[in-house]
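Asks: These came from TrEMBL, pasted as-is:
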- 29-292: domain 'DUS-like FMN-binding' (DOMAIN)
- Pro31, Met32, Val33, Gln85, His184, Ala238, Arg239: FMN binding site (BINDING)
- Cys114: active site, proton donor (ACT_SITE)
Amino acid sequence: MTGDIRETKECQLKDPMDLFHSGQVVKICAPMVRYSKLAFRTLVRKYSCDLCYTPMIVAADFVRSAKARDSEFTTNKGDHPLIVQFAAKEAQVLCDAARIVSPFADGIDLNCGCPQRWAISEGYGACLINKPELVKDMVRHVRSQIDNPKFSVSIKIRIHEDLKRTVDLCQKAEAAGVSWITVHGRSIEERHQPVHYDAIKIIKQSMSIPIVANGDIKTLKDAENVHHLTEADGIMVARGLLANPAMFAGYEETPFQCIQDWVDIALEHGTPFTCFHHHLMYMMERITSKQEKKVFNVLSSTSAVLDYLNDHYGL
């Protein structure tokens with residue numbers, strides 16, 4: 001972490017709220033476990049992504065362990081505006097984590113949406129939508145302890161079956177000083193069911209802070225439709241960007257230049273092979289035949305992947 005971070009001190013941190021005041025829909029890369037790391041953020045920023053999140057980091061581990069800090073958080077001077085997403089259940093722990101990253105990032109986000117069993121059993125993620133007073137307390141604490149007024153504090157939530165409870169949660173967070181709220185339009189139990197964009201619209205109409213819509217957005221056309229349906233101020237994309245990191249720039253499928261850019265960036269950042277390869281598997285999903293996938297997906301070294309790309313695509 002340190003080498004990259006030292007470089008960041010020379011750069012100007014940004015105010016993410018400027019994006020929401022620009023009059024344009026803010027295009028956002030979601031926090032993705034293993035995937036939304038520095039190299040991938042560098043790639044999507046080349047293709048019209050306005051704002052990037054880190055993968056979710058458990059705040060308690062991050063505060064306690066230098067090893068966790070080094071492995072979980074890397075950035076550089078081009079990696080802005082940047083939001084660090086934390087899983088937390090105690091206000092002071094979240095504050096301590098926020099204080100550590102505040103010289104190097106533009107804001108933090110509290111994860112109130114992760115539906116995975118381990119997170120919920122630990123008191124993290126989506127179970128927080130049922131604890132509005134705790135969420136309010138955490139937001140207020142960070143607000144009062146970080147000196148930089150431009151440092152954003154946001155939350156990412158799922159919705160309740162009873163939407164009144166979600167609106168109440170959002171209003172409490174707004175009263176505590178939250179900068180914006182990202183709404184994944186599904187409940188904790190829902191996985192692949194249709195996203196409730198109508199619910200996101202109701203939340204948007206109940207609030208005076210920016211609302212970001214999230215869920216099942218695969219193309220720029222989808223993003224435009226969801227904006228139209230929800231009136232959201234921003235659109236957050238996860239899997240759609242994995243499949244096509246150039247999506248926000250209007251490409252229907254991953255262009256070869258984007259694949260070339262990923263190879264260059266990943267090699268420059270020393271991206272571990274598994275991550276390097278997985279990203280390529282996602283990017284090439286729509287542009288390779290079943291037969292090609294069978295060969296490409298079992299390659300087991302960076303040199304084998306580079307040879308394959310050179311032989312088949314001249315990359």
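Backbone N, Cα and C define each Cβ position, glycine as well.
Note that this is a predicted model, so its numbers are computed, not measured.
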Asks: Among residues Pro31, Met32, Val33, Gln85, His184, Ala238, Arg239 annotated as binding FMN, what is the maximum Cα-Cα distance? Answer in Å.
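Replies: Maximum Cα-Cα distance: 17 Å.
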Asks: Indicate the candidate from Met32, Cys114 with the smallest number of other Cβ atoms within 10 Å of its Cβ, considering only these recorded positions.
Replies: Met32
Asks: Roughly how many Å separate the Cα of Val33 (FMN binding site) from that of the residue listed as 'active site, proton donor', to the nearest whole number?
Replies: 11
Asks: For Ala238 (FMN binding site), what is the tally of other C-beta atoms lying within 10 angstroms of its C-beta?
Replies: 20
Asks: Among His184, Arg239, the binding-site residues in question, whose Cβ has the most other Cβ atoms within 10 Å in this structure?
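Replies: Result for the most crowded candidate: His184.
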Asks: Using C-alpha atoms only, work out the spacing between the residue listed as 'active site, proton donor' and Pro31 (FMN binding site) and round it to an integer in Å.
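Replies: Cα-Cα distance, the residue listed as 'active site, proton donor' to Pro31 (FMN binding site): 11 Å.
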